[in-house]
């Protein structure tokens, strides 16, 4: 019965359905309502509360007083804040291109159909995504270590002394390596999924026109997945600016190299939970949020403009 | 951000009806995407050969193999190290087994150390995943369905706000959320971890793109003409078609909740409510404290036990989530 009816209805629907579809109704709210309520509670309310907090200051004498934009002014003149921002910017400039570059190459290799054991490669390279940042950092932290880590092994085996990955000079690169390890497979999968849906007729047309593999990649594949690349870049930018878990865990091994203001996120955390400076911390966090959004927006605009 | 999304939304809704014509004959919507990818290679192979397309490449496989080694060696290190005692860790090479095979002993020690707190952390993590990730997936399904199939007042605003929220850094939220929750008396309780986990903007986005594609509008119209209410239409008609998308979103929210560290770190003081991530990190830092028990072998074995369930889930469900992800990427 029911299986027979839909086709009939489909055929009849064209006349009544366009107005029906365009007619606005509140029905949709019944479905998105629950999400909206929780979203308001855990996203909107904290943001508003954060803005509110950032305008006040806790004084030893006199309690909480309204100080306007003083906290923001203080943050903009805060060397610790700028140093942490500089650190994550350097991280962003080096780690993100490396990670996305590898992810893109692997995605293209998988998509080329020229690999032996493609499915195995795809799933095995993706696996680190399922590893919590805490576990990934503990693991790499042990391996970096000279005690029973791989670096110690290599030094012993070859009679050399590699530079300590947990030294002040190298620890940022060591964190970059952990983050790359965690997310290269995830980004590879996003890009690969986008490549899979490129119409294959385009490749055939290009081949008939005598285009080589490289030309197919630059003229067809890369433009086709530009949207996915932009999204991956934006998520990576946000991720870099939010860097916290890896430095926080690694600090247990490299207390001198990683300070509590190592990244902006770490800095706001320390301000709030070690320094009890909730109001100032809120201002720093809001500035960081604004910077992140602006950069994400710029990345997106540039990605779009090239597409147009 | 709103720019891309709205253009892609109109693009997808325009494309959906034309695509959904013929394949609606194939029963489960599991995926037009999966069908298409399965069908496509068969059509292509003969043509490729006629065009003299190069075959498989050993060189490319070897180069990809290098990246594979990079991702797999640390995991191999973890598995191998979990078989060693505390002394064995120090004595033997990191990438080969020691003289002692202590895996089973390590596992039993991990579960019995400190009155079996590890099991408690495991159960806590499961609780957070079932309620947090399960709830987040359910809310994302409902919301994604609404965005894909209904036109309602405020729809654009909802969408802009949600997408904008993705760019808000966790810290900007964590501290005020903590202060708010602490005023509400929710901190240091499971709710402090579960409630913020309920919202997944990425899950909503994925579900919205998936629902746009997987549910033909005509099918909904038909159900309504048959007199089905909105709830019935959703549960009976839409939900089955969304299955691959649901698996995908569920897997990603599960990873997010299972791996969550920052939020519990802020919200929880009582180790009895710790998830695995926080527990492992506290075991590791124990070595730092003076007179603290050094239990690196348990940290390593516990780490292995923490990742096994997720890796298992990914391997078992890969067919479903990969087709869901492929469909999700179409309109990006």
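Every residue gets a Cβ built from N, Cα and C, even glycine.
TrEMBL does not curate its annotations; it predicts them automatically.
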* Structure fact -> TrEMBL feature transmembrane segment, matched against B:33-56, B:57-80, maps to B:57-80
* Structure fact -> Ranges in play B:126-148, B:264-286, with TrEMBL marking transmembrane segment at B:126-148
* What same-chain residues lie close to the transmembrane segment (B:191-212): Cβ under 8 Å, and 6 or more beyond its ends? -> 9, 12-13, 16, 127-128, 131-133, 135-137, 139-141, 143-145, 147-149, 162-163, 165-166, 177, 181, 238, 242, 244-246, 248-249, 252-253, 256-257, 260, 263-264, 267-268, 273, 275, 324-325, 327-328, 330-332
